Amino acid sequence: MAYELSKYKPEPSSLEVGSDTTEQNMTIADRDNETLSRLGKKPVLKRNFGFMSMLGFSCTVMITWEGMLLLLAIGFTNGGYAGSVYGFLVVWVGTLAVFTTMGELASMAPTSGGQYHWVSMLAPRSAQKFMSYLIGWITVIGWQAAVASGGFLCASLIQGLIALNFAEYSPQPWQAVLLFYATLFFGVFINTVVSRALPKIEGIILIFHVLGFFAILIPMVYMAPHGSAKDVFTVFMNGGGFKTQGLSFMVGLVGPIFCLLGADSAVHMSEEIQNASIIVPRAMIFSIGLNGLMGIGMLVAALFCLGDVETVLASPFPFMAIFQQAVGSAAGATAMSAVVTVLMICALISFVATGSRMTWSFARDRGLPGWYYLSKVDQRTSIPLISIALTTLIACLLALVILGSSVAFNDVVSLTINGLYTSYLIGNSLLLYRRMTGGIKPYSSISEGLTNVANSNSLTWGPFKIREPFGTIVNAFGCVFMVVILFFSFWPIMMDPSLKIMNFSSVMMVGTIVFACIYYAIWGRKTYTGPVIEIS
């Protein structure tokens, strides 16, 4: 046994939001290993991330202000000017509630498994094994879809830049596939060959993320003709042809949802973060706050500078048309669009890291076929190379599917939302049940032995906790929000859709669940017992 559970016991403290304690005679590294050991896990990854590098990582994964430009047409078609603004605000508040609660869970059990570990420790004993297994599969698929979505966006953006400068250029699917692979392999290169520099790279990307926001916002607002405030804040549209404006508004929320998705990336990197039980919740909440502010700022600015609506929406990338209208030249629009493209490629680096860590963690607990190999960590670099390779392979295969149709991208976006939000909902709902029934002890009551693991009578809050009754209110509101979001994420973008624009994410989601259940019945139930206790 590599690590023994010590007799460390924290001194009593309220340990509410924003608090940060330092135990005497115990380094941060010791405390991190102690926390992970109490979860039954052996520390095998190097903790190279601090708060700023992880904030950069989370902000990069979410790419909120960049994403609002990329997906502007989705919210504008179903919602219009005002629907886009108010829809973003609704999603921002709901997302903050969801991840504040997830911050509490991450503080209780800061492990790379995240959602499926939390479900295992919170679910009733009779259901914990299968529920955690299913959530593990859904989370893995959600992040694999996110990697593919990121690669698709990178390829499409590069093609858009070419088309912006060469009017005769006609984008071809095979070209998009090659560009997809090129950007994906760049992300893999950063995650493998120069993996030790990843925290520093993420810190640099955070600076570029913020500076890039102003580099685009200032010239666009200064140089473009402005629309009226009345249009931006009062005009709704129903381009999808739905029976009511309210229904159109709800369907249009898929854009801002995707742009504020993925803060749980910090959770799946938690075994590589110093002082994870404090830093992970802070990184998630700060990234949503910062990205939300920049996202609403960029959205409102873009709507004011929209100009000729028909021309903008007819463009494959409306934001490029807005840039060109604003600065009056293809060169200026290219420079501004290049900033978005580079940041999207940077996001793909983080997608690969998160997707591979989630895959590695679930394989470590024997939830995936080939778990023995996927769970291996390279001794020289302390990274899961085989899981990175599998994540790359899956993305390459998905590229062949989603690039066959531009509309198929919407299904992969929806699958990302479906998978991740389902995993969020189950974990947060179980926490709501436990906190309302008084089944969780205060952090100051931690005793010797395993804590916050499956089939344990010792559920204990972490050092990050929202004061009651606010914690319960936020938890409940977040659960209601997720139910609504999940329901509408399966809807097509148009009323009475043709086969070409139908949302098949529900079929993909059900297919994932069916495959997972079949594998579980044949083999998984023999190997998967929940998160493996590596340390007794």
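A Cβ is built for glycine as well, from the same backbone N, Cα and C atoms used for every other residue.
If you check TrEMBL, you get these features:
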type     : residues : note
COMPBIAS : 1-10     : compositional bias 'Basic and acidic residues'
REGION   : 1-20     : region 'Disordered'
TRANSMEM : 49-74    : transmembrane segment
TRANSMEM : 86-109   : transmembrane segment
TRANSMEM : 130-162  : transmembrane segment
TRANSMEM : 174-194  : transmembrane segment
TRANSMEM : 206-224  : transmembrane segment
TRANSMEM : 244-263  : transmembrane segment
TRANSMEM : 284-306  : transmembrane segment
TRANSMEM : 326-354  : transmembrane segment
TRANSMEM : 385-409  : transmembrane segment
TRANSMEM : 415-433  : transmembrane segment
TRANSMEM : 473-495  : transmembrane segment
TRANSMEM : 501-522  : transmembrane segment
Run the contact check on the transmembrane segment (326-354) against the transmembrane segment (86-109): 3 or more C-beta pairs under 8 Å, excluding pairs closer than 6 in sequence.
no
Stretch contact, the transmembrane segment (284-306) with the transmembrane segment (415-433), Cβ-Cβ under 8 Å, 3+ pairs:
no
Based on Cβ pairs under 8 Å, which of the stretches 49-74, 130-162, 206-224, 415-433 lies most in contact with the transmembrane segment (86-109)?
415-433
What residues in the same chain, six or more past the boundaries of the transmembrane segment (415-433), come closer than 8 Å to it by Cβ-Cβ distance?
98, 101-102, 104-105, 114-116, 118-119, 122-123, 131, 135, 138-139, 141-143, 145-146, 149, 254, 257-258, 261-262, 264, 472, 475-476, 478-479, 482-483, 485-486, 489-490, 505-506, 508-509, 512
Are there 3 or more C-beta pairs under 8 Å linking the transmembrane segment (130-162) with the transmembrane segment (501-522), counting only pairs at least 6 apart in sequence?
yes
When you scan the chain for residues with a C-beta under 8 Å from the transmembrane segment (473-495), skipping those not six or more beyond its ends, what do you find?
74, 77-78, 91, 94, 97-98, 100-101, 240-243, 250-251, 253-254, 257, 410, 414, 417-418, 421-422, 424-425, 428-429, 431-432, 435, 466, 501-503, 505-506, 509
Which one of these stretches, 49-74, 130-162, 244-263, has the most C-beta pairs shorter than 8 Å to the transmembrane segment (206-224)?
49-74
